[in-house]
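Chemist: Quick one: this structure, given as structure tokens, is what I'll be asking you about.
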Amino acid sequence: MALKAVPIWVCANHSDSQLGFWDWGHKRSTGSGSRRSLDLGGFRKWQCSGVMLGQRAKTPVEDEKPLTPELSSKEETQITGSRGFHKDLNSLPRPLSATDLSSSPSAGSNGSPGAYSEAAALKAYPKCETVPCDEFEAAFKAVELWLVDKAVLPIENSVGGSIHRNYDLLLRHRLHIVGEVQLVVNHCLLGLPGVRKEELVRVLSHTQALDQCEIALSKLGIVRVTADDTAGAAQFVASNGLRDTGAVASARAAEIYGLDILAERIQDDSDNITRFLILAREPVIPGTVRHHKTSIVFSLEEGPGVLFKALAVFALRGINLSKIESRPQRKRPLRIVDDLNKGSAKYFDYLFYIDFEASMAEPRAQYALGHLQEFARFLRVLGCYPMDTAL
């Protein structure tokens, strides 16, 4: 699925049992078709959104810029006349930014529905209300400032791989992973009512959505135009009445913005799955009834086979590793290693993120982390949470 088609969603009023976090710290103290880009203004890259279940904030975020371009009365008549179309797209609130959250702690607004992340949020919390954020950082801050209770954000995709920005933010912020959501995504080709797909000259969507629909779009022979996100692309086509332009987005985006579905399931790979993490201020109490997963991050001492030893602590106890990700340490990117033959050598210094299938309530998981701590310079548990096994 298109990673940009997976914004962040924030959830509120789903209380969890409190439990202190584990943190050991330092033990010694794209496609072959024609491609263009389009500036969508308010549609930010990695748009974030959220869900809220409880009391909503009383003070809305001020709109610094309109979400969509100004429409003339003629254009507005043309657009609002489409069946099922939202009567005033400009009334859709601008997503919260990190600046908004810092300056206006009571800020809150409805989300712009239609992005794939909305489906992920509703899968986790079917009765949630959405609150948008325009970047991942804003979603983390929204939870930290008690504006919302939880954040649901993408961490990896079966086609596009890991979202490294969110791995970095997990370490930077003190939120806890309390759940995960796996979502199957299907791309649709959307257009204004009455338009046939053969009439389209160009198609607008996030670059990864376009890449994942390479075969279908190549057969149509239309120009691909990159946008910041899939739902924003659908809204842009609708608000500007672009009859020669389609959008690759979700079926829900078509319903919301009054577009017709010209073709369904146009992705090249039918198995297109994105995994989301649910973050909260407090961790959940790990159990043993359901299958649990634990996420950790650590750095290692220098030495031959030290990474092998780190992974072996899990294998020795029959614990399956489902994910491993390495990220260079930003504050200490290079490590100097003395070599008597050739002088000093410099190597990248890494942080390792691992997901393993065991609960912190199990002794084997506790023993494995205790063993790992013996040669890890830094070790932190990001969360222990029930696995999502339903697609």
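Glycine residues also receive a Cβ, built from the backbone N, Cα and C atoms like all the rest.
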Chemist: Which is it, of 16-35, 96-115, that TrEMBL names as region 'Disordered'?
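Modeler: That would be 96-115, per the region 'Disordered' entry in TrEMBL.
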Chemist: Give the mean pLDDT for the domain 'ACT' (295-386) on the 0 to 100 scale.
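Modeler: Across the domain 'ACT' (295-386), the average pLDDT comes out at 85.
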